[in-house]
Every structure is written in structure tokens, then in C-alpha cells.
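Structure, as C-alpha cells:
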Amino acid sequence: MDVRCFFSRDVWGVLFIYSCSFCQHKIKQTKQKQEKNDISTLRLVGQKRKHNEGRLEVFYQSEWGTVCDDDFSLYSAHVACREMGYEEAVSWFPGSKYGKGEGKIWLDNVHCTGREATLAACGSNGWGVSDCKHTEDVGVICSEQRIPGFKLDDSLPNQIEQMNVHVEDVRIRPILSASRKRIPITEGYVELKERGSWKQICDKNWNIRNTRVICGMFGFPADKKYNVKVYRMVANRRKHRYWAYSMDCTGTEAHIASCKLGGRISKARGNITCENGMPVVVSCTPGRAFAPSSHSGFQKHPLVRLKGGAKTGEGRVEVLMNGEWGTVCDDQWSLAAASVVCRELGFGSAKEAITGARLGQGVSKQYECANFGEQGITVGCFDVYRHDIDCQWIDVTDLKPGDYLFRIIVNPNFEVAESDFSNNVMKCNCKYEVHRIWMYNCHIGEWSFFAFIRKAIRRIFTGKKTPSVKLDN
């Protein structure tokens, strides 16, 4: 089970698509096996999905129904995705991957060439003519890229708002002089770029769940209070350009593209106003990636860590239990669960929940000891000497790959006298390359007893411990 977390510099320049809980779009029927004036709508719904994937459903004659996977192809998926404003399909899935639908199975044996303008223009058995069960409901994944200038016909008379909105970018713009001096920017107006212009969001209907998502997508683990009176005074002195819509997040979304689109705050098509309101302000708490010192409030030794990642904020999830680090199985691993890990580590929301051990499998201790007990030690620490025979393993988990000097000091406290101290020290050159480690040029006796005593005394007066096994870089 692996994870990638949002870090503040990951978000800039990203294209966000705001959508309602599912995508739905109006399509007009052609003459091919359908009535000329029939109208239908497509949407993507289902379990564990992003906004651009899901079970394909059709709204026909005031009822939602599914599409059977018989004879369905990537060509058919291309047609459906283009209807919904995406450039193309990435893949499709048979066998109700996104859960079984309910009600009618409207289309079966759908045949598309890929050139049709609508799914209804493709050949099929006809509306409602099917021998399928809902275990055969088809699912599709559309590309993230939207068709430029794609507009929706939202005139269909059903209860759910028919609207997707194309937003080019999102930012937190500092307003107060104190906020402008902070790096990174953690407080200010939430602004959206639409058709080349930056716009503010009206705070009517805004809630703490929306704020949590905004902070998370910019790499911040939490939000905090700000001075509302000061921002209201500033807002009253300025003119604003408001975005026409509100947002409705649950608070668990990784980014605002996954939130539902709320209603219009104004029916006016011209200058949008925010009556008795002001622009949305968020104030986020920087994570430990930006913490100036160890007094940032985060645990010095957290119970969860990321290992094996190529950069900050990604890696295999490992958990500390009973003094031992172990991995987590990826069964039912989701973006929401990954976000919990990211926030616990001081990052924002999860950018991706990675499965299949793509960032490497966890490694358990491998050594051959016969009833000599658990004697593993961390680099730079003492052994407990509870057994007559030492069978050691050394934990190098937190070491960076590189060249080291491996040194063993036998009996460092001189509790038992040796006839000759010349063999009390062994040195080896050590090479560590993540997946393997080896020793070479090993020799003993080059560090005299008296040199060791002098160094031990210095350590005593400086309050440092004398290690028995150590890797020196």
C-alpha cells in the first residue's frame, strides 16, 4: 500500500474540472433504431471512482438505466466520453466494476464505429431490449482532458442540476500585508481562474468542509481561524469579481475537482454579486515540511512513515507496532484513507492512492539465529549483551545509500579483561545500495586500547554514549 501526498508546490498550474456528483449530458437521438425526437442523457456513477470514470448510465423517458457490456467496445466508450465533454476514452470495464445499477437496462449490444456524435446514434437492440443482468453493467474511464469550449445543454427537466464548469486554475491570494510576507502562502482569498480572469468565491453557503479540501490540495494538513472583522473591512473597500457558483464538498475529497458543484449564487448573467457576503477566505496550517523547528507540534517519532519514495511526500506506508515497523495491505485502500496518512504526516490531501507494491515491498528482518533472542540494534546504539553468543542484525532503514565505515568494538565497557586489546576493534569499508549491503577491506587491531579510552572519556564528558556497533559515513 503506497501513497503520494499533496505538497504545496504540486498544485500550481493544474487544470481543475468542477463537476456535480456525476457527469450528465444531453444527447439527441438519430433515426438509427431510435425515435427521431427521443432525448437521453448520460452520466457516470458508482463506487470508488474519480469524476471522469464510473458506471455508464442513460436517462431516458424520465428514468435512469444502465448499458450492458455485450458487444461494447473502446469505440463505444470514445463516443460516450466525447458526449460528456472529454476528449476520448482511456478504457472500459465489463462486469459491473463500479457496482450494479438499478432499474432498466436501456441499451444492449451497442455497436459504435467511434465516429458517431452520440451513443444513441450507435446501433443497438433498441431502448429497453436486453437479456442482460446488472452484473453486466458497463463502466468507462474517460481522459482527464476536456474538449475545448465544450458547453452543456442544461435544459433537461430533471431534478439534478445539469452543469459542469471549466475552471483553469485555483490559488490562495494573500490580501493582508502580513500574509504576503509568508512563504508558503497559507492565508488569503480563494480564487478561480475562468476564461483568463481570476474570480473570488462568495462565502454564502461556504463551510469548513470546503476549507479543509482547499487547504489539503495545497499541501496543508489543517485549517485555522483568521480575523473575520479585518477581512470584512477590506472587502467593503474593494470591488470584487465573483464566480457564479457555490461549492459543496464533504471534506474528504483530495481536491476540489471531486466536490459537487453547488447552485448559482445569482441568476444574473452579467456582474455577479454576493449580497451581504464577502469573498471566501481560508487560513491553512503549514505541515511539518515547512516547520521551522522541532517545536512544530508534530510527533518526533510518528507511528506511521513513508519509505521507498523518490521524493518528499510519497512512499510505502509503514506503521510502528510493538517496536517494529510493518506494512499495510492494499485491500480497499482508497484516496480517503491515503489522505488520513498524508495529514498525519503533516502534508495535505493524498494526491494518489497507489496499490500493488509499486513503491517496493516491505523488508522483514532476515538472519539466522538459534534461540539467542531478539538482539537487533539500531546504528549507533549499544547491544544489551543478554546472551553468550551474539547473533546481530543492524537496522539500516533510515540510512541513506552510500559509502560507510563499519566498525565493531568488542567489549566497549571493558567489563571482562582481555589478555590483549589488539583484537577489540574491527573495521570494514561498507557499501549500501538500498537493496543490498556488503563489507570489504576488513581488518582488526588498528585502534589501540588507549585511543579508545581517550575517546570514551571525551564522550562521557560531552554526554554522548559509546556505541558498540556503528556505521560511519
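Even glycines carry a Cβ here, placed using N, Cα and C.
Mean pLDDT of the predicted structure over the domain 'SRCR' (42-143): 88. Annotated domain 'SRCR' per TrEMBL: 42-143 (among others), in sequence order.
For CYS68 (disulfide bond), the same-chain residues that are 6 or more apart in sequence and have a Cβ closer than 8 Å to its Cβ are ILE105, LEU107, ASP108, ASN109, VAL110, SER130, CYS132, GLU136, ASP137, VAL138. What TrEMBL lists as disulfide bond is CYS68-CYS132 (among others).
The feature disulfide bond is assigned by TrEMBL to CYS81-CYS142 (among others). DSSP assigns CYS81 (disulfide bond) to a helical segment in the three-state reduction.
What TrEMBL lists as disulfide bond is CYS112-CYS122 (among others). The DSSP secondary structure for CYS122 (disulfide bond) is coil. Around the Cβ of CYS122 (disulfide bond), 25 further Cβ atoms fall within 10 Å across all displayed protein chains.
Annotation source TrEMBL lists domain 'SRCR' at 172-285 (among others).
The disulfide bond annotation in TrEMBL covers CYS249-CYS259 (among others).
Taken residue by residue, the domain 'SRCR' (304-362) breaks down under DSSP into 10 helix, 21 strand, 28 coil. Annotation comment: TrEMBL describes 304-362 (among others) as domain 'SRCR'.
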Least Cβ-crowded entry, counting other Cβ within 10 Å, from the disulfide-bonded residues listed as CYS81, CYS112, CYS132, CYS142, CYS259:
CYS132
Please give me the CB contact count at 10 A for CYS249 (disulfide bond), counting all chains in the structure.
22
Of the disulfide-bonded residues CYS81, CYS142, CYS249, CYS259, which sits closest to CYS122 (disulfide bond) by Cα distance?
CYS81
Can you grab the distance from CYS112 (disulfide bond) over to CYS81 (disulfide bond)? Cα atoms, rounded to a whole Å.
13
